[in-house]
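First up is the structure itself, then whatever we jot down about it.
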Amino acid sequence: MSPSSSITCSRFATIAVAAVLLQSLGLFLFIFGFFPIKPALSGVSGPESFRAPWPDGIENDSVTALPPEKLKQLYQELSEISPPFDRLILMVIDGLPAEFVLGRDDKPPKDVFVEAMPYTQSLLANGFAVGYHAKAAPPTVTMPRLKVVTLGYFYVLGQFFRTGRRMVMHGDDTWLKLFPGSFIRHDGVGSFFVKDTVQVDQNVSRHLDKELCRDDWDLLILHYLGLDHVGHLGGRNSFLMGPKLKEMDKVIEMIHRSSLRDKKNHQKGTLLVIVSDHGMTESGNHGGSSFEETDSLAVFFGLGGHTLDYASATDNSANQIDIAATVALLFNVPIPKNNIGVVIPHALNFMTDADKMRALELNSWQLLRLLHAQLSGLPCEHELVEDFTGDRKSVVSECSGNIEQVFCCLYQNAAILHKSWKFKRISMSNIEDYNNAATAYYAFLRTASQWLARRMTDKPVSLLVVGISAMLLSCLIFLGLVFHMNKALYLREDHHLSSSKKYAFSWHLDEIFLVGATLIHVISMGSSSMVEEEQYIWHFVSSTFYLLLIRKTAQTIPTDRTQSSLFLPMSQNRKINYPIISIFSVLVSGRILRAWHQGGINWANLPDISKWLKLAGHEYVKQLRLLACLLVIILSIYVLSFLWTRRKMVLVVGFSFFIPGLMVLKYIMSHEDDTSGSFTYNYSSTISAQKIYGVLGALTVVAVASVPWLIHISTSKACSNGDICLSTSVYHDVLNLSLLKEMRDSFYVIGWAYIFCWCLLQLLLQQPTNSLPVFLLLVQIYASMLHSFSAVPAHKHWIEVAAFYQLGMAGHFALGNSNSLATIDVAGAFIGTSDFSMLSSGVLMFIITYASPLLFLLSMAMWISMKDFSCLVTSQNANYGDLLKMMLGFPCVIPLCLNSVMLTAYTIILLLMRNHLFVWSVFSPKYLYVAAATICVYVGVFVVAATGTYIYLVVIYRKR
């Protein structure tokens with residue numbers, strides 16, 4: 001029985017697939033249980049919103065069939081608030097940070113921003129507008145933020161529609177997806193072509209003159225995308241930012257002046273609200289939870305003659321969820337049933353005191369309903385004081401006890417003070433009583449809103465434990481498979497060697513370091529600071545490991561004087577020099593990559609090579625991009641030529657893949673804008689990119705499918721010597737070695753095709769400044785391959801695969817990625833797309849983000865061709881199933897095992913940190929990256945496993 005036959009190839013594969021499925025199930029259960037799915041009350045809010053939330057309240061079933069005008073009239077009567085406005089203009093400036101308009105930390109905005117928006121600043125300075133820093137909750141992307149602004153969960157716009165208000169929308173077509181069929185007119189524009197900063201806004205403004213002159217709408221929505229696109233292309237300090245802000249200021253001036261004119265012709269007036277859905281980082285991205293990303297804007301124009309000084313008009317804060325509740329109360333429609341917002345104070349300043357109190361009462365009833373749904377024992381309804389006498393001191397109390405008692409106490413205090421104010425208002429006007437009642441209402445509202453927001457993140461611990469248990473079991477299975485493969489392979493080698501060269505199992509320094517580094521990395525993820533700056537760990541581990549390899553290689557030089565027949569012929573000096581030179585190539589490339597992007601969160605603003613290139617000018621970046629593309633083509637063709645014994649195949653494959661290389665070069669020269677450094681967006685560039693995608697994909701598929709069939713299996717040399725042919729066992733050994741060589745050559749060519757095509761694809765998709773890092777990653781791969789091929793003694797297989805995995809993760813951060821969602825490159829995800837597709841853009845975004853890990857995983861196909869598996873086919877118990885298992889086992893199971901350790905450990909850390917201050921801003925985004933990295937490993941491993949299985953089946957078929 002062979003040393004590795006305890007687990008057959010098919011059984012090994014079955015166990016590995018089962019572990020993957022178990023891990024996927026555990027990951028799904030944990031994500032489903034950990035990330036909040038906010039509980040919602042069923043149905044849509046109706047007339048019951050204007051009544052006290054007690055069990056005897058009237059449901060809205062009896063009014064669902066009312067015509068819109070009668071329903072609008074009913075709501076107005078029930079609200080008991082004089083409607084202050086009859087029209088609303090909601091202008092959304094996508095991505096505009098409140099800091100640009102209102103300043104920050106008691107400081108005014110930068111002069112360049114003030115000068116860009118003179119009209120808006122004059123209104124704020126004169127108290128005719130009031131602005132808020134409206135904090136957005138992560139993820140800071142458009143669709144979730146629009147839902148917060150407009151719905152709460154159910155639609156304010158739906159209430160507008162049901163009450164017969166006519167709505168018009170121009171701008172981001174996200175609105176049309178959220179509210180289909182609700183607009184009498186609309187002109188939607190795509191929000192994902194981030195290269196367009198001009199036409200996307202002109203398509204909105206071209207309708208403005210006509211719409212402002214019309215009187216057939218009650219709600220006008222204008223959603224401008226250009227400023228967000230400017231940020232994605234050039235960051236906050238882009239030279240396009242100033243002109244774009246001036247353009248927006250002109251639009252605001254046009255709307256505001258039109259509203260002032262229309263006020264003479266309308267009984268009440270028009271409310272203009274300027275909001276943004278999120279902010280942006282210094283680099284112009286968003287999606288995370290930093291102040292810069294969550295600092296969205298809300299400015300109200302037309303709130304009457306209440307005059308504020310500049311500080312009072314700009315130094316205000318609110319939550320984005322407050323906007324829906326405020327707008328609903330201003331227009332006499334029910335607050336969305338699941339909205340936990342608090343009415344914005346300044347929005348009520350122009351109302352009468354009685355209307356203000358009524359608005360606060362309705363807002364309190366809204367939150368009481370949500371509290372009652374969460375806390376079934378809420379006793380407020382039984383303790384309200386109905387026979388109030390006017391002596392507030394005898395009934396207002398300090399609030400303490402359990403959470404139900406605190407909420408009831410806060411609400412009762414507000415209700416009592418409200419009644420006290422109404423009682424005294426009949427005989428005297430008392431501003432102190434009014435202020436006390438308003439303060440008490442806001443104390444209840446803010447406490448309830450904050451508690452409900454926290455309540456939405458409660459997690460089912462049992463489900464989380466089941467998910468972690470599944471991932472932990474999967475991790476143990478992978479570790480067991482790794483142990484089995486190491487034992488089986490080295491027992492095979494031990495059996496193959498002579499008795500004087502028996503293999504002695506022992507731990508070397510490089511192995512101890514990798515295991516220790518993995519443990520240290522896992523432990524460090526318990527620190528929020530280390531999560532934010534994870535790139536330092538990967539760069540340290542990869543560079544230190546290769547320094548240890550230099551030490552190990554240097555120790556072998558004095559004694560290494562043997563020539564293995566498994567290597568290509570080379571002189572003794574080359575054999576000694578190649579391992580050292582290859583390691584130095586990896587280290588030098590890694591050091592340049594480390595300096596290319598500062599990376600991380602806390603020190604991302606420090607100088608680095610990419611920032612210097614941007615300052616040098618886009619023409620230099622373009623030249624560097626062309627140089628990187630040429631270097632990738634030249635180096636790749638050179639590496640392919642090493643297989644010169646099959647010169648016909650090398651010539652055919654090399655020439656075929658040279659064509660897409662030229663296509664990428666032509667694309668860069670023709671379609672990269674010298675002024676912005678990014679690709680121009682037009683029909684020609686889109687078609688060219690699509691052609692490149694098609695050619696790369698077609699050539700890769702053809703190479704994989706045809707190479708195993710075209711490589712010639714020859715045994716003529718084995719039989720050219722009659723002595724050899726006389727021995728059947730020797731003949732079979734030679735035949736098996738020949739078949740092994742054909743498999744290795746097939747792996748070499750197909751692995752080369754994977755690497756070359758992936759690099760060309762990244763040169764097309766990555767940011768222009770990332771072109772040379774793509775070449776440096778390629779240098780690291782080929783240098784590591786050379787070291788793996790020439791190192792004597794050979795390193796253990798799991799060590800080499802683990803080193804490739806470490807390089808891939810270090811390269812991930814070297815390309816500018818971090819553990820913040822804000823560093824995801826959105827712009828490249830739309831190269832070659834003519835229409836928006838969530839699937840295609842998502843796939844391209846994934847390819848860009850995980851370019852380096854996937855590149856190193858795909859290179860495992862070539863790595864297999866570098867390893868000697870002759871001991872598996874020349875023994876008396878030769879088994880091709882064992883050969884396939886050992887060929888694919890290490891490059892497939894080692895990445896799965898390393899990723900499983902990280903995934904399981906970080907899942908446990910996230911569970912322990914579920915109440916941490918930074919759980920949503922640091923630990924949760926990192927977990928999304930860990931989950932995406934798991935998918936990345938699945939994809940890479942599947943490609944390598946499928947390729948190896950196909951090559952094996954073809955070679956075995958041809959042998960038979």
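Cβ atoms here come from the backbone N, Cα and C positions, even for glycine.
Feature annotation from TrEMBL assigns domain 'GPI ethanolamine phosphate transferase 2 C-terminal' to 510-947. According to TrEMBL, the feature transmembrane segment maps to 12-35, 461-483, 504-524, 536-554, 624-643, 650-669, 692-711, 747-765, 771-792, 843-866, 887-909, 929-955.
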Checklist entry - For the transmembrane segment (692-711), which stretch among 650-669, 747-765, 843-866, 929-955 has the most Cβ pairs under 8 A? => result 747-765
Item to check | Chain residues outside the transmembrane segment (461-483) and at least six past its termini with a C-beta under 8 angstroms from it | outcome: 12, 15-16, 18-20, 22-23, 25-34, 798, 889, 893-894, 896-897, 900-901, 903-904, 907-908, 911
Checklist entry - Under an 8 Å Cβ to Cβ limit, what residues of the same chain, 6 or more beyond the ends of the transmembrane segment (536-554), are close to it? => result 508-510, 513-514, 517, 520-521, 524, 530, 579-580, 583-584, 586-587, 590-591, 594, 600, 787, 791, 795, 803, 806-807, 809-810, 812-814
Item to check | Best-contacting stretch, by C-beta pairs under 8 Å, relative to the transmembrane segment (929-955) and drawn from 504-524, 747-765, 771-792, 843-866, 887-909 | outcome: 843-866
Checklist outcome for this item: If one takes Cβ-Cβ under 8 Å and requires six or more residues beyond its ends, the residues near the transmembrane segment (843-866) are 744-748, 750-752, 754-755, 758-759, 761-762, 765-766, 774, 777-778, 781, 785, 788-789, 800-801, 804-805, 807-812, 814-815, 817, 824-826, 828-831, 833, 887-888, 891-892, 895, 932-933, 935-937, 939-941, 943-944, 947-948
Checklist outcome for this item: Long-range Cβ contacts under 8 Å made by the transmembrane segment (12-35), restricted to residues 6 or more beyond its ends, are 459-460, 463-464, 466-475, 477-478, 481, 484, 885, 889, 892-893, 896, 900, 903, 907, 910-911, 914, 924, 927, 931, 934, 938
Next on the checklist: Can you give me the average pLDDT across the domain 'GPI ethanolamine phosphate transferase 2 C-terminal' (510-947), rounded to a whole number?
Outcome noted: 84
Checklist entry - For the transmembrane segment (887-909) against the transmembrane segment (624-643), do we get 3 or more Cβ-Cβ pairs below 8 Å once near-sequence pairs (under 6 apart) are dropped? => result no
Checklist entry - Which sequence positions outside the transmembrane segment (747-765), separated from its termini by at least 6 residues, show Cβ-Cβ distances below 8 Å to it? => result 625, 628-629, 632, 636, 639-640, 643, 649, 653, 657, 660-661, 664, 667-668, 689, 692-693, 696, 699-700, 703-704, 707, 711, 771, 774-775, 777-778, 781, 828-829, 831, 844, 847-848, 851, 854-855, 858-865, 943, 947-948, 951
Checklist entry - In the same chain, which residue numbers or ranges, 6 or more beyond the ends of the transmembrane segment (771-792), come under 8 angstroms Cβ to Cβ? => result 549, 553, 556, 560, 562, 564, 567, 570, 575, 578-579, 581-583, 585-586, 589-590, 592-593, 596, 624-625, 627-629, 631-632, 635-636, 639, 755, 759, 762-763, 800, 803-804, 807, 811, 814-815, 851-852, 855-856, 859, 862-863, 866-867
Checklist entry - Where else in the chain does the transmembrane segment (624-643) make close Cβ contacts, counting only residues six or more beyond its ends and a cut-off under 8 Å? => result 568, 613, 649-650, 653-654, 657-658, 661, 664-665, 668-669, 672, 745, 748-749, 752, 755-756, 759-760, 763, 768, 771-772, 774-775, 778-779, 782
